[in-house]
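Below is one structure; the comments refer to it alone.
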Amino acid sequence: MPRKMYSCDFETTTKVEDCRVWAYGYMNIEDHSEYKIGNSLDEFMAWVLKVQADLYFHNLKFDGAFIINWLERNGFKWSADGLPNTYNTIISRMGQWYMIDICLGYKGKRKIHTVIYDSLKKLPFPVKKIAKDFKLTVLKGDIDYHKERPVGYEITPDEYAYIKNDIQIIAEALLIQFKQGLDRMTAGSDDLKGFKDIITTKKFKKVFPTLSLGLDKEVRYAYRGGFTWLNDRFKEKEIGEGMVFDVNSLYPAQMYSRLLPYGEPIVFEGKYVWDEDYPLHIQHIRCEFELKEGYIPTIQIKRSRFYKGNEYLKSSGGEIADLWVSNVDLELMKEHYDLYNVEYISGLKFKATTGLFKDFIDKWTHIKTTSEGAIKQLAKLMLNSLYGKFASNPDVTGKVPYLKENGALGFRLGEEETKDPVYTPMGVFITAWARYTTITAAQACFDRIIYCDTDSIHLTGTEIPDVIKDIVDPKKLGYWAHESTFKRAKYLRQKTYIQDIYMKEVDGKLVEGSPDDYTTIKFSVKCAGMTDKIKKEVTFENFKVGFSRKMKPKPVQVPGGVVLVDDTFTIK
């Protein structure tokens, strides 16, 4: 008999000295008529211990803290061995919560347990956005989170409806995923399973062999994220009119058409020599460098005492830089920099082909373009989650929760644990080609480029640049979509900028406009780590380094669970 599945949620008090659950709700994911809303954590946990089901909380990192507090105070201890009256967790080294597995015992060989998962790992969006984008039958409401609610507080009809809507939104969205066969713990795992189903597990193992941890470590040195860079010419200055273009599905586009690695790599010493059977390579290189005049910097060095990890460098500053780079990145380096005292140490070369992901991307692109609501959003998720799974870190050493002397949860690092890597070379080259796409387009617009962020270029002026004018389309895979045109803007640093965007009304909806047809201006604030509440305080006048507000909720572990306390957010 299959296990039942439930969507669950807590509502909690907001005072450090009185941290507790004042309301809970659960709903059967497959039968929405089976649900309950109550006001006692003890009552909820009594149900958890007997239900033997799979439960989903949206942001387990928050709600899970209350559950583990309760378990620790009621005789349960953490154990990885599946002993009766223990619980196990999957909490990453970085503090990401994935699972709580509560073991009650065994009936014969059958484990009697309830497992609690994080639906945020399968649906990485706020509940409000899920309800809207999936076009579900209910929408997220609102309540006064700071209202006084003493122990035994009676839930009002409005609060009851709010809680029911929250659990129903996640229940409906998860059910749609499960009906599509997307039943793994995370969106990335769903993607990888779906890809294996298309090419077969047998072929997957042949095409993407498991590399040794030592070899994977060397490959991983060349793995980097998206290209995010602000042109110093425009930093902290108010800018006039400009345009923003985004690549449609940047990473899937590289997976669809670019030359990508497969198979066992061959280690080589010194400098790579062209090999038509192994046309891709990762090169270990030492050098000094100086940025050429009129070129965008592309070298970023992390984990070094000489350089800032998030800064793209104009010079090696007289130091010898030690780099592992894909041949795609190396090509850009040589074009953008003068390299000195170059020493080619060693490297890895790979067989390569195109089209490995064609059937997978064709399938989900077709679903995306022919569907609406939930299925369309799922297709977007499936298209964008797979590439990262290939570069999953094999070091899965996690954190273990415990109760500190003050009664709050603490976390210690668990025993070292590793798993087989998937195939990191694929992640290296997909992301390298993505950076290449963005950087080459930005470089071709050097006189106009303000800012790049992974899949986007922000330009001065309102003319489509020649480099992309023939590949502008709102939907085509890998084409550049015209995201917006702004009247004025101000950029302070990476992921920190504001814009006045031209908008117009079409069929009762506001859409992006132009200087010629706009009917209104939309003020847009993009700032990593800034809450919506703080964004309402931002103006062109006060948006500068040093802007500060004590309005950012910060989760703090306290006896009983977690409380969000107001912390200071400052633009540095």
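All residue numbers here begin at 1 and follow the chain in the order shown.
Every residue, even glycine, has its Cβ placed from backbone N, Cα and C.
Per Swiss-Prot, Mg(2+) 1 binding site is recorded for ASP142, ASP166. Residues annotated as Mg(2+) 2 binding site in Swiss-Prot, with similarity to another entry given as evidence: ASP246, VAL247, ASP453, ASP455. The feature region '3'-5' exonuclease and strand displacement activities' is assigned by Swiss-Prot to 1-222. The region 'Interaction with the primer terminal protein' feature in Swiss-Prot is assigned to 56-66. Residues annotated as region 'DNA-binding' in Swiss-Prot: 223-226. Among the features that Swiss-Prot reports, region 'Initiation, polymerization and pyrophosphorolytic activities' is placed at 227-572. Annotation source Swiss-Prot lists site 'Essential for 3'-5' exonucleolysis' at GLU11, SER119 (among others), citing similarity to another entry. The site 'Involved in binding template-primer structures' annotation in Swiss-Prot covers ILE90. Under the heading site 'Critical for 3'-5' exonucleolysis', Swiss-Prot lists SER119, citing similarity to another entry as support. The site 'Probably involved in nucleotide binding selection' annotation in Swiss-Prot covers TYR251, LYS380, TYR387, and the record cites similarity to another entry as its basis. The annotation site 'Probably involved in binding template-primer structures' is assigned in Swiss-Prot to ASN384, GLY388, THR431, LYS495, TYR497 (among others) on the grounds of similarity to another entry.
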Task: Quick one: give me the count of other CB atoms within 10 A of the CB of TYR251 (site 'Probably involved in nucleotide binding selection').
output: 23
- prompt: By the DSSP assignment reduced to helix, strand and coil, which category contains ILE90 (site 'Involved in binding template-primer structures')?
  reply: strand
Task: Using DSSP, tally how many residues of the region 'DNA-binding' (223-226) sit in helix, strand and coil.
output: 0 helix, 0 strand, 4 coil
Tertiary contacts of the region 'Interaction with the primer terminal protein' (56-66), as residues 6+ beyond its ends and Cβ separation under 8 Å: 5-10, 12, 20-21, 29, 41, 95-100, 116-120, 122-123, 127, 166, 170, 174, 409, 555, 557, 560-562
Message: List the recorded positions among ASP142, ASP246, GLY388, THR431, ASP455 whose C-alpha is within 10 Å of the C-alpha of LYS380 (site 'Probably involved in nucleotide binding selection'), in sequence order, or say none.
response: none
- line: Excluding ASP246, VAL247, ASP453, ASP455 themselves, the Mg(2+) 2 site's Cβ centre has within 8 Å the residues PHE245, LEU250, THR438, THR454, SER456, ILE457
- request: Within 10 Å of the Cβ of ASP166 (Mg(2+) 1 binding site), how many other Cβ atoms can you find? Include all protein chains, please.
  value: 23
Task: Going by Cα-Cα distance, pick out whichever of the binding-site residues ASP142, ASP166, VAL247, ASP453, ASP455 is nearest to LYS495 (site 'Probably involved in binding template-primer structures').
output: ASP453
Task: Within the region 'Initiation, polymerization and pyrophosphorolytic activities' (227-572) only, compute the mean pLDDT.
output: 95
For ASN384 (site 'Probably involved in binding template-primer structures'), nearby residues of its own chain (Cβ under 8 Å, 6 or more apart in sequence): SER249, TYR251, PRO252
Task: Look at each of the recorded positions, GLU11, ASP142, ASP246, ASP453, ASP455, and point out the one with the fewest other Cβ atoms around it within 10 Å.
output: ASP142
Field: LYS380 (site 'Probably involved in nucleotide binding selection'), number of other Cβ atoms within 10 Å
entry: 17
- prompt: Taking the Cα atoms as reference points, how far is VAL247 (Mg(2+) 2 binding site) from THR431 (site 'Probably involved in binding template-primer structures') in Å?
  reply: 14
